[in-house]
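What Swiss-Prot says about this protein:
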- His16, Gly19, Asp35, Ile36, His37: D-galactose 1 binding site (BINDING)
- His64, Gly67, Asp83, Arg84, His85: D-galactose 2 binding site (BINDING)
- His108, Gly111, Asp127, Glu128, His129: D-galactose 3 binding site (BINDING)
- Asn26: N-linked glycosylation site (CARBOHYD)
- Asn74: N-linked glycosylation site (CARBOHYD)
- Asn118: N-linked glycosylation site (CARBOHYD)
Amino acid sequence: MTTFLIKHKASGKYFHPKGGTSNPPNGTNLVLHSDIHERMYFQFEVVNERWRYIKHVASEKIVHPFGGKADPLNGTNMVLHQDRHDRALFAMDFFNDNIRHKGGKYIHPKGGSKNPSNGNLTVMHGDEHGAMEFIFVSPKNKDKRVLVYA
């Protein structure tokens, strides 16, 4: 299973559990931050050929929209939680560099900024634009994309 960092393409910041702990509690917000460390590594956990869980390696918790709804509202915070269900499934669109929730919305920096500050929350939103592009990169080389569906 490939380990990767989730990099906000426009700002170069990365997904982190808020507070940066290795075992954050259920419901911990996911934020963007410029630091790189082993507590912000992720992996895909395959469910079927398209949909996957995004797993926080250190805690083995899964990326979820807060509340775990099938069709989260625009602005719903992204969090880590231990539960695995179809409302926590995501797919990567490598052509457009976005992360799509099974309900159809995408992960965005809250506020839609191309250069969000450290600690900016990540949310679900239906809009598509350059500020919501993410790429998966190697923890050993933050400029090298990794093949995460292999």
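Quick reminder: no glycine exception, Cβ is built from N, Cα and C everywhere.
On the structure: features taken from Swiss-Prot.
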residue	record	contacts (Cβ under 8 Å, 6+ apart)
His16	D-galactose 1 binding site	Leu30, Val31, Leu32, His33, Asp35, Arg39, Met40
Ile36	D-galactose 1 binding site	Leu5, Tyr14, Pro139, Lys142
His37	D-galactose 1 binding site	Gly20
Asn74	N-linked glycosylation site	Lys105, Val123, Met124, His125, Gly126, Asp127
Asp83	D-galactose 2 binding site	Asn26, Ile62, His64, Gly68
His85	D-galactose 2 binding site	Gly68
His108	D-galactose 3 binding site	Thr122, Val123, Met124, His125, Asp127, Ala131, Met132
Gly111	D-galactose 3 binding site	Asn120
Glu128	D-galactose 3 binding site	Asn96, Asn98, Tyr106
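In terms of C-alpha distance, the listed recorded positions Gly19, Asn118, His129 place Gly19 closest to Arg84 (D-galactose 2 binding site). Spatially, by CA atoms, the binding-site residues Gly19, Gly67, His129 include one closest to Asn118 (N-linked glycosylation site), and that is Gly19. Its own atom aside, the Cβ of Asp35 (D-galactose 1 binding site) has 11 Cβ atoms within 10 angstroms in the protein chains shown.
The secondary structure of His37 (D-galactose 1 binding site), as reduced to three states from DSSP, is coil rather than helix or strand. You'll find the Cα of Gly19 (D-galactose 1 binding site) roughly 20 Å from the Cα of Gly67 (D-galactose 2 binding site). Applying an 8 A CB threshold to same-chain residues 6+ apart, the list for Gly67 (D-galactose 2 binding site) reads Thr76. Shown in sequence order, Tyr14, Gly20, His33, Arg39, Met40 are the same-chain residues outside His16, Gly19, Asp35, Ile36, His37 whose Cβ sits within 8 Å of the Cβ centre of the D-galactose 1 site. Under 8 Å, Cβ to Cβ, and six or more positions away along its own chain, His129 (D-galactose 3 binding site) finds Gly112. Counting other C-beta atoms within 10 Å of each candidate's C-beta, the binding-site residues His64, Arg84 are led by His64. All chains included, 13 other C-beta atoms sit within 10 angstroms of the C-beta of Asn26 (N-linked glycosylation site). The D-galactose 3 site, placed at the center of the C-beta atoms of His108, Gly111, Asp127, Glu128, His129, has further neighbours from the same chain whose C-beta lies within 8 angstroms: Tyr106, Gly112, His125, Ala131, Met132. Largest Cα-Cα distance over the residues recorded as binding D-galactose 2, namely His64, Gly67, Asp83, Arg84, His85, equals 13 Å.
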